[in-house]
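The block underneath contains the structure these notes are about, expressed in structure tokens.
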Amino acid sequence: MAEGATEAPAESGGGGDSGAGALERGVAPIKPQYLTTKERFHEFLEAKGQEKPSQETEAGDPGGNDLGEPEAKRIRLEDGQTGDGRTEDGQTEDGRTEDGRTEEAAEPGEQPQAQKRARGQNKGRPHVKPTHYDKDRLCPSLVQEPATQCAFGARCRFLHDVGRYLAAKPADLGPRCVLFETFGRCPAGVTCRFAGAHLGPGGRNLVRQEQGVQAPPVRNGLDKALQQQLRKRQVRFERAEQALRQLSRGQLPGPPSAVPEATEAEGAPAQDPQELGTVAPASGPVQTCGALTDEDIVRLRPCEKRRLDISGKLYLAPLTTCGNLPFRRVCKRFGADVTCGEMAVCTNLLQGQTSEWALLRRHQCEDIFGVQLEGAFPDTMTKCAELLNRTVDVDFVDINVGCPIDLVYKKGGGCALMQRSGKFQQIVRGMSQVLDVPLTVKLRTGVQERTPLAHRLLPELRTWGAALVTLHGRSREQRYTKLADWRYIEQCVAAASPMPLFGNGDILSYEDANRAMQTGVAGVMIARGALLKPWLFTEIKEQRHWDISASERLDILRDFTHYGLEHWGSDTQGVERTRRFLLEWLSFLCRYVPVGLLERLPQRLNERPPYFLGRDYLETLLASQRAADWIRISEMLLGPVPRDFVFLPKHKANAYK
């Protein structure tokens, strides 16, 4: 993709510490006056961190808290998780994390055992339960408004004394509550970590009557009744079962009958087609209301499906962990046209798992939004597609056929489907049959680097029912050790025609996007480029390099924390969840090099940044690749971390001691 760039090399500890990194292969070319050594870099940050909050930190902490990080909060990493920089590492552009990493060398003079490559996922990361922070939690019956009587009575293990709870509650993290200012009422009530902004006498939660109580503008939540029905397996899937029967007999799925078979079966109770339509009630018919219309009974034929016309639009890739709803809101603000939820496992959705259904939530600003499903078998994928077709509001459904991690691949999902063409065909045909919205597919070039498969599958996908395909220009075996193969993507454009094909890989500037569009693709999908610089969408649309200041970047992080508090809540659990997602994002943001510091434009994804001192302290702090400094940034936005707080990034190569 990038001219003159070659395979990302193994990390070199000497290049990052010497000041000659600008001339080193695979290292971002930074102007010599900004280059420094690793020791001087961290000495500068530690000296500043021990001082009183500077002008930047005062601006970031309206509460005036002392943001100096105590020694007890220093990050604790496992042995062997060292490295002074990264190349093409990070989260997979399909969403899931990977265990194949670019090699990283240890610092000169270290013991031989420290030269072990920092690879893969930190599977032993500490899992902090919600009760870890709030030992004395208030009963939910007292938090909700109006307060109700606790159904558990004396058996309830939570507190029912508001005064006692407030006496033991930690101090507020700041004087302003984002939810109260945005919606006129804070749902967290007395449990809010910014409760001083909206608590009246006796711990009463205040409401701004003149503003009106607005509901959070988020859709696609999981209904409790539906969750219980899924857990008890009371949901029936007539359309999916009909399509699967036809596929098992070798027949192509035809248009479904006007009335589902189950509703005409002998002894089956009548059900409302507008309802979920698949729940077998214990007794008696389902209560219905309203007039029955043709839309309730008559299903769309394939030729009548809603078309997905997103050619030329900027598509934000589904990114697990970092591609959450608050991050997508940030990207939408900077010009992303199409967004997609994080990869959801179809079996977990069919079991009614709350955490998996949370990946489907959609904000009102996401005008073109889809969800991505992962699965290995036609029955579960087709049934999940029918379930989503009735319960969520999306513009398209995407199949993940690009996830390279072993956890998915060894079960037959992700990239493995490219080698299981029979199952792959049944999945695409079955899902296309039961969906009323377009079906899209995301592929890699293949499994092995020298045996591409995408050009053979693309013509088939068009006949199977896919409306659009996105191709990531790398194989599963290749991972991120080489650049994306845009020449192969150009060949696949002709193979996919007239079906639109989006390209994906190594886009970090508007020049990269322009070269990608010259291959004939219908549009570009942006993944890690958006993690490094979410304002990339603005740069592409305005065709310019944006030398964004450190204070503007901090404002972006502050907006993310506000969106996170709206999404996950402003109580202790919501604040710490927002903090952890912020820290995961900072493990990618630190790789950005400001435009004004580069000798050559643009920065490329396969070029790691050497150690440099920015134009001010905040710019230098944002460039730190040490997790302890990311925690310091989070304290500037969300207040002090809890006692004994520990953070390990998802990847071992994403931070070092």
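Including glycine, each Cβ sits where the backbone N, Cα and C put it.
The compositional bias 'Basic and acidic residues' feature in TrEMBL is assigned to 37-55 (among others).
If you look up TrEMBL, you'll see 70-104 (among others) marked as compositional bias 'Basic and acidic residues'.
What TrEMBL lists as compositional bias 'Basic residues' is 116-130.
Counting residue by residue with DSSP, the domain 'C3H1-type' (133-163) contains 9 helix, 2 strand, 20 coil. Residues annotated as domain 'C3H1-type' in TrEMBL: 133-163 (among others).
Using DSSP to sort the residues of the domain 'C3H1-type' (176-201) gives these counts of helix, strand and coil: 13 helix, 1 strand, 12 coil. Among the features that TrEMBL reports, domain 'C3H1-type' is placed at 176-201 (among others).
As annotated by TrEMBL, region 'Disordered' applies to 1-134 (among others).
Annotation comment: TrEMBL describes 245-285 (among others) as region 'Disordered'.
The zinc finger feature in TrEMBL is assigned to 133-163 (among others).
Looking just at the zinc finger (176-201), the mean pLDDT is 89. Sequence annotations record features per position, and here TrEMBL assigns zinc finger to 176-201 (among others).
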